[in-house]
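S.K.: Below is one structure. I have some questions about it.
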Amino acid sequence: MNIHEYQAKALLGEFGVPISKGVPVLKAADAEAAAKALPGPVYVVKSQIHAGGRGKGKFKEASAGDKGGVRIAKSAAEVSEFAKQMLGATLVTIQTGPAGKQVNRLYIEDGSDIDKEFYLSLLVDRETSRVSFVVSTEGGVNIEDVAHNTPEKIVTFSVDPATGIMGHHGRTVANALKLSGDLAKQAEKLTAQLYAAFVAKDMSMLEINPLVVTKQGQLRVLDAKVSFDDNALFRHPEVLALRDETEEDAKEIEASKYDLNYVTLDGNIGCMVNGAGLAMATMDIIKLYGMAPANFLDVGGSASKEKVAAAFKIITADPNVKGILVNIFGGIMKCDVIAEGVTAAVREVGLSVPLVVRLEGTNVELGKKIILESGLNVVPADNLDDAAQKIVKAVKGG
């Protein structure tokens, strides 16, 4: 689960992390008062969407002006003017895709006099089963570009969960950022604070880009992006309360109600598969034959007829879907359950696109019989390669 920047900063502030003063705004009419509540005289008006690249992004609407999603204002009146332009407008960034995202919230933040910019993040390293730090002197830019062009400017290290954060970890961060004296002490303190927040709130990723040194000699978190482990949300109701469903795909929200692993993609072939590995292989072979998947959907190994039917409805609700491929290898998952779920869903919502079904494994003959006797227009497939070729051909009208 992701949260907005202003929510992330408020959470980090509870752990003593140095952040600038700011006020979230939902209505343009409140923007000027929000600015006047801050020290000023310079303010930053930040679009709050779940996507990066806001500063370099562009709004679709001409009425929003030609500036990006993060704007510098020199007065409270200018803050108000920016708010009127930005709220309700559609911001397109490198991470939103061409459709963009509507800006429904702004964060009015006190301006900072910046001397240096750094990059600092924490994430769960699945290879070491530890929390890892990624640190770089190159802040305010895409860390992927830094990793590609100047990897020597990135320092990484992990923290042993048995010992937790220790003094030498903070010194490693300070050294990586080439900080000394009081700034080094601030970096050591910040390292401990961030680790404490990360572990206490079951985060999966915490990215600060940039972490800045102000001209007054203070470290400050200028931007923060936080993701949480969905499997741990049950013990963090205060975090779950921060969820903004308007920032999420409606189909993904619906899928989560049935414990389905669903991710919207930008292709035209809907996929229903059991098992993440088989799902990825299915998407790969669709690409191999010249088309792209419309989604990743893993129904899991213990899906019921109702769960399968719900999954099928979610796929058909996507207007971009021009064909559907069901690819099931029944181990724990039984092929007859898949067949019953698919046929029930088709009877309820109808079927206006080609459907190719490949079943193999437990109760496969019974599953094929259910589909055959349903009278539905389903194209059977013998194996994955055959299934991929058939759905691509059907969608292309071959």
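Just so you know, the numbers here start at 1 and follow the chain as drawn.
Glycine residues also receive a Cβ, built from the backbone N, Cα and C atoms like all the rest.
Keep in mind that what you see is a predicted model, and the values were worked out from it rather than measured.
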S.K.: Can you pick which of Asn274, Asn377, Asn383 Swiss-Prot lists for the same substrate site as Gly331, Ile332, Met333?
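M.R.: So, going by the record in Swiss-Prot, that would be Asn274.
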S.K.: Quick check on the binding-site residues: of Ser112, Asn209, Asn274, whose CB has the lowest count of neighbouring CB atoms inside 10 Å?
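M.R.: Counting other Cβ atoms within 10 Å of each of the binding-site residues Ser112, Asn209, Asn274 gives the minimum at Ser112.
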S.K.: Roughly how many Å lie between the Cα atoms of Ser112 (ATP binding site) and Met333 (substrate binding site), rounded to a whole value?
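M.R.: Taking the Cα atoms only, Ser112 (ATP binding site) lies 56 Å from Met333 (substrate binding site).
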S.K.: Which whole-number value in Å describes the distance between the Cα atoms of Gly55 (ATP binding site) and Ile332 (substrate binding site)?
M.R.: 48
S.K.: Whole-number Å only: compute the distance from the Cα of Met333 (substrate binding site) to the Cα of Gly53 (ATP binding site).
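M.R.: Cα of Met333 (substrate binding site) to Cα of Gly53 (ATP binding site) measures 41 Å after rounding.
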S.K.: Compute the centroid of the Cβ atoms of Asn274, Gly331, Ile332, Met333, then list the same-chain residues not in that set whose Cβ lies within 8 Å of it, in sequence order, for the substrate site.
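M.R.: Going along the sequence, the neighbours appear as Gly275, Gly300, Gly301, Ser302, Ile328, Phe329, Gly330, Lys334, Gly361, Thr362.
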S.K.: Pop the Cα-Cα gap between Lys46 (ATP binding site) and Asn274 (substrate binding site) into the table, whole Å please.
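M.R.: Each residue's Cα considered, Asn274 (substrate binding site) and Lys46 (ATP binding site) end up 41 Å apart.
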